[in-house]
(Lines of atoms letter the chains of each structure in order from A; the text may use other names.)
(Lines give C-alpha, C1' and ligand atoms only; values in the text may rest on other atoms or scores of the structure.)
Protein backbone atom coordinates (compact mmCIF):
# COMPACT_ATOMS: atom_id res chain seq x y z
CA UNK A 1 0.00 0.00 0.00
CA UNK A 2 1.18 3.55 -0.73
CA UNK A 3 1.72 6.23 1.91
CA UNK A 4 -0.99 7.24 4.39
CA UNK A 5 -4.11 8.82 2.94
CA UNK A 6 -5.63 11.45 5.25
CA UNK A 7 -8.90 13.32 4.73
CA UNK A 8 -9.78 16.27 7.03
CA UNK A 9 -13.25 16.06 8.59
CA UNK A 10 -15.18 18.71 10.57
CA UNK A 11 -13.12 21.52 12.11
CA UNK A 12 -10.29 19.52 13.68
CA UNK A 13 -10.91 15.86 12.82
CA UNK A 14 -9.65 13.47 10.17
CA UNK A 15 -9.83 9.96 8.73
CA UNK A 16 -6.51 8.36 7.82
CA UNK A 17 -6.06 5.04 6.04
CA UNK A 18 -3.40 3.19 8.02
CA UNK A 19 -3.40 -0.22 6.35
CA UNK A 20 -5.32 -2.39 3.93
CA UNK A 21 -5.35 -6.14 3.39
CA UNK A 22 -6.70 -7.28 0.03
CA UNK A 23 -8.52 -5.52 -2.78
CA UNK A 24 -10.99 -6.44 -5.53
CA UNK A 25 -8.75 -9.35 -6.54
CA UNK A 26 -8.94 -10.83 -3.04
CA UNK A 27 -12.75 -10.92 -3.29
CA UNK A 28 -12.57 -12.70 -6.64
CA UNK A 29 -9.91 -15.11 -5.43
CA UNK A 30 -11.99 -16.05 -2.39
CA UNK A 31 -15.03 -16.66 -4.57
CA UNK A 32 -13.00 -18.82 -6.96
CA UNK A 33 -11.16 -20.65 -4.21
CA UNK A 34 -11.12 -23.88 -6.21
CA UNK A 35 -9.28 -22.26 -9.11
CA UNK A 36 -7.01 -19.63 -7.59
CA UNK A 37 -6.62 -16.24 -9.23
CA UNK A 38 -6.63 -17.66 -12.74
CA UNK A 39 -6.52 -15.51 -15.85
CA UNK A 40 -9.90 -13.79 -15.63
CA UNK A 41 -10.32 -10.30 -17.07
CA UNK A 42 -11.32 -7.18 -15.14
CA UNK A 43 -14.70 -7.31 -16.84
CA UNK A 44 -15.27 -10.88 -15.66
CA UNK A 45 -14.08 -9.94 -12.16
CA UNK A 46 -16.54 -7.04 -12.08
CA UNK A 47 -19.38 -9.32 -13.17
CA UNK A 48 -18.52 -11.84 -10.46
CA UNK A 49 -18.32 -9.20 -7.72
CA UNK A 50 -21.63 -7.76 -8.87
CA UNK A 51 -23.17 -11.25 -8.72
CA UNK A 52 -21.83 -11.80 -5.20
CA UNK A 53 -23.23 -8.48 -4.01
CA UNK A 54 -26.71 -8.81 -5.47
CA UNK A 55 -27.06 -12.38 -4.19
CA UNK A 56 -25.76 -11.41 -0.72
CA UNK A 57 -22.75 -13.74 -0.80
CA UNK A 58 -20.94 -11.83 1.93
CA UNK A 59 -17.94 -13.94 2.97
CA UNK A 60 -15.71 -13.05 -0.03
CA UNK A 61 -16.04 -9.37 0.91
CA UNK A 62 -14.83 -10.20 4.42
CA UNK A 63 -11.44 -11.09 2.91
CA UNK A 64 -10.71 -7.38 2.47
CA UNK A 65 -9.84 -5.43 5.62
CA UNK A 66 -9.26 -1.71 6.19
CA UNK A 67 -7.61 -0.09 9.20
CA UNK A 68 -8.26 3.61 9.85
CA UNK A 69 -6.95 6.18 12.30
CA UNK A 70 -9.82 8.50 13.19
CA UNK A 71 -10.02 11.76 15.11
CA UNK A 72 -13.62 12.63 15.98
CA UNK A 73 -15.73 14.20 18.74
CA UNK A 74 -16.63 11.77 21.52
CA UNK A 75 -20.34 11.89 20.66
CA UNK A 76 -19.51 10.79 17.09
CA UNK A 77 -17.26 8.00 18.36
CA UNK A 78 -20.03 6.68 20.62
CA UNK A 79 -22.36 6.36 17.62
CA UNK A 80 -19.52 4.82 15.62
CA UNK A 81 -18.82 2.13 18.20
CA UNK A 82 -22.41 0.88 17.98
CA UNK A 83 -21.08 -1.05 14.98
CA UNK A 84 -19.70 -3.89 17.07
CA UNK A 85 -18.08 -6.06 14.39
CA UNK A 86 -14.91 -3.94 14.22
CA UNK A 87 -11.71 -4.04 16.24
CA UNK A 88 -11.25 -0.71 18.04
CA UNK A 89 -8.53 0.84 20.17
CA UNK A 90 -9.15 4.35 21.53
CA UNK A 91 -6.88 6.85 23.26
CA UNK A 92 -7.17 6.38 27.01
CA UNK A 93 -7.98 9.21 29.39
CA UNK A 94 -6.60 7.02 32.18
CA UNK A 95 -3.08 7.03 30.75
CA UNK A 96 -2.97 10.32 28.85
CA UNK A 97 -3.83 13.94 29.59
CA UNK A 98 -6.50 14.76 27.04
CA UNK A 99 -5.90 17.70 24.72
CA UNK A 100 -8.02 20.85 24.79
CA UNK A 101 -9.62 20.23 21.41
CA UNK A 102 -13.37 20.65 21.03
CA UNK A 103 -15.69 20.38 18.07
CA UNK A 104 -17.41 23.69 17.43
CA UNK A 105 -20.11 23.64 14.73
CA UNK A 106 -20.52 26.61 12.42
CA UNK A 107 -24.15 26.71 13.53
CA UNK A 108 -26.47 24.69 15.72
CA UNK A 109 -29.39 22.77 14.21
CA UNK A 110 -33.00 22.82 15.35
CA UNK A 111 -34.68 19.79 16.89
CA UNK A 112 -36.66 17.93 14.22
CA UNK A 113 -40.41 18.14 14.70
CA UNK A 114 -41.23 14.66 13.39
CA UNK A 115 -38.14 12.71 14.45
CA UNK A 116 -37.21 12.80 18.13
CA UNK A 117 -33.62 11.72 17.48
CA UNK A 118 -32.88 13.99 14.51
CA UNK A 119 -32.29 17.65 13.71
CA UNK A 120 -33.27 19.98 10.91
CA UNK A 121 -32.38 23.45 9.65
CA UNK A 122 -29.74 25.84 10.92
CA UNK A 123 -30.21 27.71 14.20
CA UNK A 124 -28.07 30.83 13.86
CA UNK A 125 -27.74 31.77 17.50
CA UNK A 126 -24.49 33.47 18.57
CA UNK A 127 -25.51 33.23 22.23
CA UNK A 128 -25.82 29.45 21.93
CA UNK A 129 -22.35 29.19 20.38
CA UNK A 130 -20.94 31.48 23.07
CA UNK A 131 -22.52 29.26 25.73
CA UNK A 132 -20.91 26.19 24.16
CA UNK A 133 -17.46 27.82 24.25
CA UNK A 134 -18.01 28.94 27.84
CA UNK A 135 -18.83 25.37 28.91
CA UNK A 136 -15.76 24.07 27.06
CA UNK A 137 -13.43 26.52 28.80
CA UNK A 138 -14.92 25.93 32.23
CA UNK A 139 -14.93 22.15 31.84
CA UNK A 140 -11.36 21.94 30.61
CA UNK A 141 -10.26 24.41 33.28
CA UNK A 142 -11.87 22.20 35.93
CA UNK A 143 -10.18 19.14 34.40
CA UNK A 144 -6.73 20.74 34.65
CA UNK A 145 -7.45 22.02 38.16
CA UNK A 146 -8.40 18.53 39.32
CA UNK A 147 -5.22 17.11 37.83
CA UNK A 148 -3.14 19.76 39.59
CA UNK A 149 -4.80 18.81 42.87
CA UNK A 150 -3.62 15.25 42.36
CA UNK A 151 -6.94 13.75 41.26
CA UNK A 152 -6.39 10.63 39.14
CA UNK A 153 -6.69 11.13 35.38
CA UNK A 154 -9.38 8.45 35.22
CA UNK A 155 -11.57 10.56 37.54
CA UNK A 156 -10.64 14.07 36.44
CA UNK A 157 -11.90 13.33 32.93
CA UNK A 158 -15.48 13.01 34.22
CA UNK A 159 -16.02 16.76 33.83
CA UNK A 160 -15.21 16.84 30.11
CA UNK A 161 -18.06 17.30 27.58
CA UNK A 162 -18.95 15.06 24.64
CA UNK A 163 -17.68 17.47 21.99
CA UNK A 164 -14.08 16.85 23.11
CA UNK A 165 -12.06 15.19 20.35
CA UNK A 166 -10.89 11.62 20.79
CA UNK A 167 -8.74 9.40 18.56
CA UNK A 168 -9.02 5.72 17.78
CA UNK A 169 -7.91 2.98 15.41
CA UNK A 170 -10.74 1.15 13.67
CA UNK A 171 -10.23 -2.11 11.76
CA UNK A 172 -13.14 -3.47 9.76
CA UNK A 173 -13.75 -6.02 7.00
CA UNK A 174 -15.32 -4.76 3.79
CA UNK A 175 -18.67 -6.52 4.22
CA UNK A 176 -19.33 -4.86 7.56
CA UNK A 177 -17.74 -1.62 6.38
CA UNK A 178 -20.35 -1.48 3.62
CA UNK A 179 -23.05 -1.98 6.26
CA UNK A 180 -21.59 0.93 8.25
CA UNK A 181 -21.61 3.14 5.15
CA UNK A 182 -25.15 2.14 4.19
CA UNK A 183 -26.39 3.35 7.59
CA UNK A 184 -24.12 6.34 8.16
CA UNK A 185 -24.40 7.83 4.68
CA UNK A 186 -28.19 7.83 4.96
CA UNK A 187 -29.91 11.25 5.17
CA UNK A 188 -31.33 10.43 8.60
CA UNK A 189 -27.87 9.79 10.10
CA UNK A 190 -26.47 12.64 12.19
CA UNK A 191 -24.72 15.22 10.00
CA UNK A 192 -21.39 14.97 11.80
CA UNK A 193 -20.99 11.20 11.42
CA UNK A 194 -22.12 11.46 7.79
CA UNK A 195 -19.04 13.59 7.10
CA UNK A 196 -16.82 10.81 8.41
CA UNK A 197 -18.73 8.21 6.41
CA UNK A 198 -18.22 10.29 3.26
CA UNK A 199 -14.47 10.45 3.90
CA UNK A 200 -14.29 6.68 4.37
CA UNK A 201 -16.44 6.14 1.28
CA UNK A 202 -14.00 8.24 -0.75
CA UNK A 203 -11.12 6.02 0.33
CA UNK A 204 -12.99 2.74 -0.16
CA UNK A 205 -14.20 3.77 -3.62
CA UNK A 206 -10.61 4.42 -4.69
CA UNK A 207 -9.19 1.23 -3.17
CA UNK A 208 -11.84 -1.32 -4.24
CA UNK A 209 -13.61 0.27 -7.23
CA UNK A 210 -15.31 -2.91 -8.46
CA UNK A 211 -16.71 -3.76 -5.04
CA UNK A 212 -17.78 -0.15 -4.54
CA UNK A 213 -19.66 -0.14 -7.85
CA UNK A 214 -21.56 -3.27 -6.82
CA UNK A 215 -22.28 -1.86 -3.36
CA UNK A 216 -23.53 1.41 -4.83
CA UNK A 217 -25.76 -0.38 -7.33
CA UNK A 218 -27.36 -2.98 -5.05
CA UNK A 219 -27.13 -1.70 -1.47
CA UNK A 220 -26.32 2.00 -1.19
CA UNK A 221 -28.73 3.14 -3.90
CA UNK A 222 -30.92 0.02 -3.84
CA UNK A 223 -33.83 -0.89 -1.59
CA UNK A 224 -35.52 -3.96 -0.13
CA UNK A 225 -39.21 -4.44 -0.80
CA UNK A 226 -41.74 -5.97 1.56
CA UNK A 227 -44.39 -8.46 0.48
CA UNK A 228 -47.01 -5.70 0.53
CA UNK A 229 -44.85 -3.41 -1.59
CA UNK A 230 -44.25 -6.18 -4.12
CA UNK A 231 -47.97 -6.86 -4.36
CA UNK A 232 -48.57 -3.18 -5.04
CA UNK A 233 -45.96 -3.16 -7.83
CA UNK A 234 -47.44 -6.28 -9.40
CA UNK A 235 -50.79 -4.55 -9.43
CA UNK A 236 -49.36 -1.59 -11.33
CA UNK A 237 -46.99 -3.35 -13.74
CA UNK A 238 -47.05 -6.19 -16.20
CA UNK A 239 -43.95 -8.31 -16.89
CA UNK A 240 -43.90 -6.92 -20.44
CA UNK A 241 -43.89 -3.29 -19.31
CA UNK A 242 -41.27 -3.94 -16.64
CA UNK A 243 -39.03 -5.84 -19.06
CA UNK A 244 -39.17 -2.96 -21.53
CA UNK A 245 -38.21 -0.47 -18.81
CA UNK A 246 -35.31 -2.62 -17.63
CA UNK A 247 -34.06 -3.20 -21.17
CA UNK A 248 -34.05 0.54 -21.80
CA UNK A 249 -31.67 0.89 -18.83
CA UNK A 250 -29.24 -1.63 -20.29
CA UNK A 251 -30.20 -4.82 -18.46
CA UNK A 252 -30.18 -8.00 -20.50
CA UNK A 253 -29.54 -11.72 -20.32
CA UNK A 254 -29.48 -13.33 -16.89
CA UNK A 255 -29.57 -9.94 -15.14
CA UNK A 256 -32.82 -9.09 -16.86
CA UNK A 257 -34.28 -12.48 -15.97
CA UNK A 258 -33.27 -12.05 -12.31
CA UNK A 259 -34.79 -8.59 -12.13
CA UNK A 260 -38.10 -9.84 -13.54
CA UNK A 261 -38.16 -12.79 -11.14
CA UNK A 262 -37.48 -10.48 -8.22
CA UNK A 263 -40.81 -8.73 -8.78
CA UNK A 264 -42.99 -11.34 -10.47
CA UNK A 265 -41.47 -14.61 -9.24
CA UNK A 266 -39.87 -17.40 -11.31
CA UNK A 267 -43.22 -18.68 -12.53
CA UNK A 268 -44.35 -15.32 -13.93
CA UNK A 269 -41.17 -13.85 -15.40
CA UNK A 270 -40.77 -13.90 -19.16
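For all residues, glycine too, the Cβ spot is worked out from N, Cα and C.
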Identity of the dUMP-site residue among 54, 56, 157 (reference: 79, 80, 81, 82, 90, 91, 92, 93, 94, 184, source: Swiss-Prot):
157
Further FAD ligand in Swiss-Prot, beside 82, 83, 84, 90, 173, 174, 175, 179, within candidate set 59, 96:
59
Does residue 59 (FAD binding site) have same-chain partners at least 6 apart in sequence with Cβ under 8 Å from its own Cβ, and which are they?
30, 175
Within 10 angstroms of the C-beta of residue 174 (FAD binding site), what count of other C-beta atoms is obtained when all protein chains are considered?
28
Where the record says 79, 80, 81, 82, 90, 91, 92, 93, 94, 157, 184 bind dUMP, what is the longest distance in Å from one Cα to another among those residues?
30
Do any residues at least six apart in sequence from residue 94 (dUMP binding site), in the same chain, have a Cβ closer than 8 Å to its Cβ, and if so which, in order?
152, 153, 154, 157
